[in-house]
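Engineer: Quick paste of what Swiss-Prot says about this protein:
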ACT_SITE  35  active site
ACT_SITE  52  active site
DISULFID  6-127  disulfide bond
DISULFID  30-115  disulfide bond
DISULFID  64-80  disulfide bond
DISULFID  76-94  disulfide bond
DOMAIN    1-129  domain 'C-type lysozyme'
C-alpha cells in the first residue's frame with residue numbers, strides 16, 4: 001500500500017508515534033517519505049547482505065527475521081514480512097523499539113540526511129489530526 005501523507009500521519013498518530021521519545025509526528029512522516037516514499041511494500045538490499053523492509057525500512061540484521069540474513073538478531077521478534085503489511089502496526093511497534101535503542105531517530109539514515117534539523121511540521125500541515 002502507498003499511503004497518502006495525511007493518511008499516514010493519522011495512522012501513525014493513532015498508533016502512538018506523535019512525540020514518542022520526543023519526536024513529533026512530522027519527523028516520522030518525513031522519515032517514511034524518504035525511506036520508502038510511503039510504500040509499505042518497499043524492500044532494499046544492503047551491501048552487508050541484510051535487507052530493509054517496509055514503510056520505515058527496518059533492517060533484517062538487527063530487527064526482524066527474513067530467514068536469509070546471516071547472524072540476524074530479530075530484536076523485534078517478528079518476521080520481516082510483517083513489516084510489508086498495509087497495516088503499519090508491526091512497523092510502528094518495531095520503530096518504537098529502535099528509537100528507544102540509544103541513537104533515537106539517527107538510526108534512520110534518510111531521517112538524519114533529509115529531516116533532522118529541518119522544519120518537519122510541513123509534513124503534517126493541513127492534515128486533520
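Quick reminder: no glycine exception, Cβ is built from N, Cα and C everywhere.
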Engineer: Can you check which residue among the disulfide-bonded residues 6, 30, 64, 76 has the largest number of Cβ atoms within 10 Å of its own?
Structural biologist: 64
Engineer: Whole-number answer please: how many Å between the C-alpha atoms of residue 76 (disulfide bond) and residue 115 (disulfide bond)?
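Structural biologist: Pair distance, Cα basis, whole Å: 25 Å.
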Engineer: According to DSSP, folded down to helix, strand and coil, what is residue 6 (disulfide bond)?
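Structural biologist: Going by the DSSP assignment, residue 6 (disulfide bond) falls within a helical segment, counted as helix.
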Engineer: Fewest other CB within 10 angstroms, which one of the disulfide-bonded residues 80, 94, 115, 127?
Structural biologist: 127
Engineer: Within 10 Å of residue 94 (disulfide bond) by C-alpha distance: pick out those among the recorded positions 6, 30, 35, 52, 64, 115, and say none if nothing qualifies.
Structural biologist: 64
Engineer: Report, in whole Å, the straight Cα-to-Cα distance of residue 52 (active site) from residue 80 (disulfide bond).
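Structural biologist: Counting only the Cα atoms, the answer is 9 Å.
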Engineer: Average pLDDT across the domain 'C-type lysozyme' (1-129)?
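Structural biologist: Averaging the confidence scores along the domain 'C-type lysozyme' (1-129) gives 98.
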Engineer: If I take the Cα of residue 64 (disulfide bond) as reference, which of the recorded positions 6, 52, 115, 127 has the closest Cα?
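Structural biologist: Going through 6, 52, 115, 127 one by one, the closest to residue 64 (disulfide bond) is 52.
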